[in-house]
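Listed features, source TrEMBL:
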type	residues	note
DOMAIN	42-292	domain 'D-isomer specific 2-hydroxyacid dehydrogenase catalytic'
BINDING	Ser60, Thr81, Tyr272	substrate binding site
DOMAIN	125-270	domain 'D-isomer specific 2-hydroxyacid dehydrogenase NAD-binding'
BINDING	Gln141, Val142, Asp161, Thr189, Asp246, Gly271	NAD(+) binding site
ACT_SITE	Arg222	active site
ACT_SITE	Glu251	active site
ACT_SITE	His268	active site, proton donor
DOMAIN	304-391	domain 'Erythronate-4-phosphate dehydrogenase dimerisation'
Amino acid sequence: MKSDASRPSSLEPRALKIVADENIPLVRECFAGLGDVVTLPGRSLTADDLAGADVLVARSVTKVNKELIQNSSLKFVGTCTAGCDHIELPALKEQGVGFSNAPGCNARSVVEYVLCALDILAERDGYCITGRTVGIVGKGQVGGRLYRALQALGVRVMANDPLLEAEAGVELVELDELLERCDVIALHTPLTTSGDYPTYHLFGEQQLLAMKHGTVLINAGRGAVVDNRALLNVLKARDDLSVVLDVWEHEPEVDPELLELVDIGTPHIAGYSLDAKVTGTVMVYQALCRFLGLPARTSQQDLTPLPPLMKLDFTGTVDADQAASVAMRATYDIRRDDALMRRLLKMEPEARKLAFDFMRKNYSERREFSTLKIDASRSSQEVQQRLQALGFDVLDE
Ligand SMILES: NC(=O)C1=CN([C@@H]2O[C@H](COP(=O)(O)OP(=O)(O)OC[C@H]3O[C@@H](n4cnc5c(N)ncnc54)[C@H](O)[C@@H]3O)[C@@H](O)[C@H]2O)C=CC1
Ligand SMILES: O=C(O)C(=O)[C@H](O)COP(=O)(O)O
């Protein structure tokens, strides 16, 4: 998706005016060396806010379209996100504006979100994820990492991705077959409305009804990949399904009836580990430096703080399921996000929208599994292997 255009000779780095979304962590620290950084709320950004700006550093909440940029002096737009459905790429191309997103910056964070959700549901419903079959729709940065993580955990996994070629060791299936065979379905496609395989409402009534009895459906891609109205109707009729929604059609609006019926609901924060956010900021900074033909002086290492929880010790008595749950919940307890989200249920529509954005803006610091060192030297090999497969930093001897 990265498509840096070549740098126009008129663009002097010292004179840059950089408009950035105020909710991009470390954006000042990262970009200050390139010019003046002005931070503004991204959701309400207007063409007037871009007066005199050379660079826009955005997030998924800003619709970067022709109307926003046509009278601007922008030379470069970056979005510190993986998804690009908020960016009208032809409009940027038409005006010769350079562009970069941050592919894969938060893929690991989303994978951990999915693993944590499954851990909670498996405990609640009394099964072990290793005995289930998981289907991944969209095997890109997120889906591919999730595929490998589940394989490493010994879970049966298959994927649907019509844009991919066959690959050794990967079971690619048609969507109908995936719906028929999988106990868990995780959606990780972009939101698209054109092309041979558009994903808008990919999961409508027909697909939702075709899911097996007891299926767990997880959407941490984009809300409108699932027809939310159809999902609501299907959930009213089928209480065997479990649903985890991180993303919602029409965000920041959330349908309270749907929220009430899902098993885990969160405010579009699956990719919100601090590690992912810093990576996203740094990737866009580096892309801008490339565009300007300048060396990148700030690195991810310079910016990432130490995690608040650095070490965990296990004794010999813990089994692999217990160890995995304890370690995962010590780094990220998804139930907390779900509980906060349910406060929306008591609010009026306008307050609900504001609260959705507030939760995202004030999201508590969450770190990825790899930041936690675990001393499992007194535990069984099974425990050590499980923790390693999950991506923790395991001391095993
Ligand atoms: N909830 C959150 O916080 C986050 C959400 N996302 C969303 O997840 C999406 C996926 O992220 P990445 O894996 O990084 O993107 P990616 O571009 O690496 O992978 C997307 C995959 O979906 C496949 N795909 C496209 N159309 C499809 C279709 N009709 N059926 C099945 N597969 C299809 C593509 O071939 C590709 O392999 C992003 O576009 C973004 O919208 C990404 C990161 C965080
Ligand atoms: O990267 C993406 O795509 C996402 O969905 C992000 O996690 C959303 O991040 P923000 O736009 O809220 O910064």
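Using N, Cα and C of the backbone, Cβ positions are placed for all residues, glycine too.
On a predicted model such as this, the values are computed, not experimentally measured, just so you know.
A map of TrEMBL features onto the structure.
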residue : record                    : DSSP class
Ser60   : substrate binding site    : coil
Thr81   : substrate binding site    : coil
Val142  : NAD(+) binding site       : helix
Asp161  : NAD(+) binding site       : coil
Thr189  : NAD(+) binding site       : coil
Arg222  : active site               : coil
Asp246  : NAD(+) binding site       : coil
His268  : active site, proton donor : coil
With Cβ-Cβ distance below 8 Å and at least 6 positions apart along the chain, what are the contacts of Asp161 (NAD(+) binding site)? List them in sequence order. Val137, Gly138, Lys139, Gly140, Gly143, Leu172
Neighbours of the substrate site Ser60, Thr81, Tyr272: Cβ within 8 Å of the Cβ centroid, same chain, sequence order. Arg59, Cys80, Ala82, Gly83, Asn106, His268, Gly271, Gly280
Using CB atoms and a 10 A radius, I'd like the single residue among the binding-site residues Thr81, Gln141 with the highest neighbour count. Thr81
Starting from the Cα of His268 (active site, proton donor), work out which of the recorded positions (Thr81, Gln141, Val142, Thr189, Arg222) are within 10 Å. Arg222
Near Asp246 (NAD(+) binding site), which of the recorded positions Ser60, Thr81, Arg222, Tyr272 can be found within 10 Å, Cα to Cα? Arg222
Near Tyr272 (substrate binding site), which residues of its own chain have a C-beta under 8 A away, given they sit six or more steps off in sequence? Asn106, Ser109, Arg360, Tyr363, Arg366
Report the recorded positions (Thr81, Val142, Glu251) that meet this criterion: Cβ distance to the nearest atom of ligand 1 under 6 Å. Use sequence order and write none if nothing qualifies. Val142
Among Asp246, Glu251, all listed as recorded positions, which has the most CB atoms within 10 Å of its CB? Asp246
Quick one: largest C-alpha distance among Ser60, Thr81, Tyr272, binding substrate per the record, in angstrom? 13
